[in-house]
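Contents: one structure, followed by commentary.
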Amino acid sequence: SKLAALFEHPLYNIPVPEVTEKDKLFIINPMEKFSLRSSESDEWVSSSKAETLLPTGKTAYDTYPTWLKFHIGINRYELYPRQDPLLPTLLQDLATQRIISSVQKSGGTQLKLIMTFPNYGQALFKPMKQTRDQETPIDFFYFSDFERHNAEIAAFHLDRILDFRRIPPVSGRLVNITKEIWDITTDKKLAKTFFISPAGNVCFYGECSYYCSTEHALCGKPDQLEGSMAALLPDKTLAKRHSWRSPWRRSYHKSKKAEWELNPNYCAQVRETPPYDRGHRLLDLIDMTILDFLMGNMDRHHYETFEKFGNDTFLLHLDNGRGFGTHSRDEPSILAPLQQCCSIKKSTYLRLQLLATQPYRLSDVLREALAADPLAPVLAEPHLQALDRRLGKVLLVVGHCLAR
């Protein structure tokens with residue numbers, strides 16, 4: 001296994017700083033226990049009487065559902081640890097747990113659903129919009145592109161392979177539109193948009209500002225639909241997040257250019273502007289830029305951080321559905337922050353060099369990681385090969401910076 005060998009490499013075993021109580025997103029009461037409501041029920045309840053139900057030798061933490069353990073594990077330095085024993089279980093839960101509620105997520109240009117499991121865990125479901133071998137048409141603007149469910153799955157695994165670990169876990173899943181959405185939804189607006197197509201397939205389109213209409217309906221075969229299931233982050237009422245506008249945000253206009261596209265010295269003014277004037281925020285943004293270039297994602301207008309940790313923390317790489325749309329062409333403008341600032345974390349640079357070598361080739365390790373997903377193959381082969389080409393281009397830019 002190339003993937004196992006990669007994660008055993010010394011570059012993937014650089015110690016994280018010691019995590020103190022103030023570095024944790026949540027401080028929990030170690031005596032608080034969860035127990036099943038009854039032997040027939042799947043529901044979890046907080047219970048002070050759980051002592052009597054716990055097998056001897058088990059701690060309160062052992063009674064928590066996996067999604068809660070994931071939330072409790074978030075800290076200043078990482079969303080989840082490198083060798084996280086929870087990860088396989090959490091991915092399995094996302095792919096197989098019974099869905100008891102499906103409602104539309106508000107906001108956004110495209111349809112997304114929030115799905116709830118019996119243990120109170122929740123996931124963000126993005127349905128399949130196009131097949132794996134469909135490329136984004138060359139005349140499409142980045143802001144009118146479709147979001148792809150398989151891009152969300154591949155982005156999570158790529159982010160982990162780059163050792164960023166800033167994307168919440170995502171698994172592919174085949175959903176039954178009738179039983180797991182239509183029959184159980186309490187969302188009246190969503191319920192009104194279901195219909196049977198002339199081909200006898202179950203379809204729905206929801207309500208949103210852009211791609212929610214009968215022309216953009218999502219249809220099953222006859223009611224089976226692929227999608228990505230992403231573990232939700234803790235509710236914002238429990239863990240506030242700050243949304244930051246990216247300094248290299250695109251203009252989202254058909255003819256106007258953004259300032260960074262016109263000013264070659266743009267990085268100098270970014271370096272003088274908080275929060276980029278101190279700490280590692282700019283370097284973290286350049287990490288995100290490299291991830292986006294490898295995926296071909298041009299739609300990174302904002303990013304988020306957990307408010308509790310202030311400026312000294314990682315960026316959350318959320319909403320990656322517009323990645324992996326093209327494999328036959330690359331978008332060099334995505335690398336503008338790296339090119340203009342000529343800065344990169346040494347650890348990131350060393351890992352990129354490692355992933356360009358034969359024993360750890362990026363396309364090979366990502367192919368292996370994606371093979372375990374329920375919807376494998378997640379990416380068409382040309383997308384995997386494009387990663388190796390793009391990685392070469394990133395290293396070339398760093399080479400030019402070093403030469404300068």
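Just so it is clear, glycine is given a Cβ too, placed from its N, Cα and C backbone atoms.
According to TrEMBL, the protein carries these features:
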| type | residues | note |
| --- | --- | --- |
| ACT_SITE | ASP299 | active site |
| BINDING | GLN110, LYS126, GLU147, ALA230, ALA231, LEU232, LEU233, GLU304, ASP319 | ATP binding site |
| BINDING | GLU147, ASP319 | Mn(2+) binding site |
| DOMAIN | 194-403 | domain 'FAM20 C-terminal' |
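Annotated features taken from TrEMBL, shown on the structure.
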{"residue": "GLN110", "record": "ATP binding site", "Cβ neighbours (10 Å)": "19"}
{"residue": "GLU147", "record": "ATP binding site", "Cβ neighbours (10 Å)": "24"}
{"residue": "ALA231", "record": "ATP binding site", "Cβ neighbours (10 Å)": "24"}
{"residue": "LEU233", "record": "ATP binding site", "Cβ neighbours (10 Å)": "21"}
{"residue": "ASP299", "record": "active site", "Cβ neighbours (10 Å)": "18"}
{"residue": "ASP319", "record": "ATP binding site", "Cβ neighbours (10 Å)": "23"}
Across the domain 'FAM20 C-terminal' (194-403), what is the average pLDDT of the model, as a whole number?
95
What's the CA-CA gap between GLN110 (ATP binding site) and ASP299 (active site) in angstrom, rounded?
14
Rounded to the nearest angstrom, how far is the Cα of the residue listed as 'active site' from the Cα of ASP319 (ATP binding site)?
9
What is the nearest of the binding-site residues GLU147, ALA231, LEU233 to ASP299 (active site), using the Cα of each?
GLU147
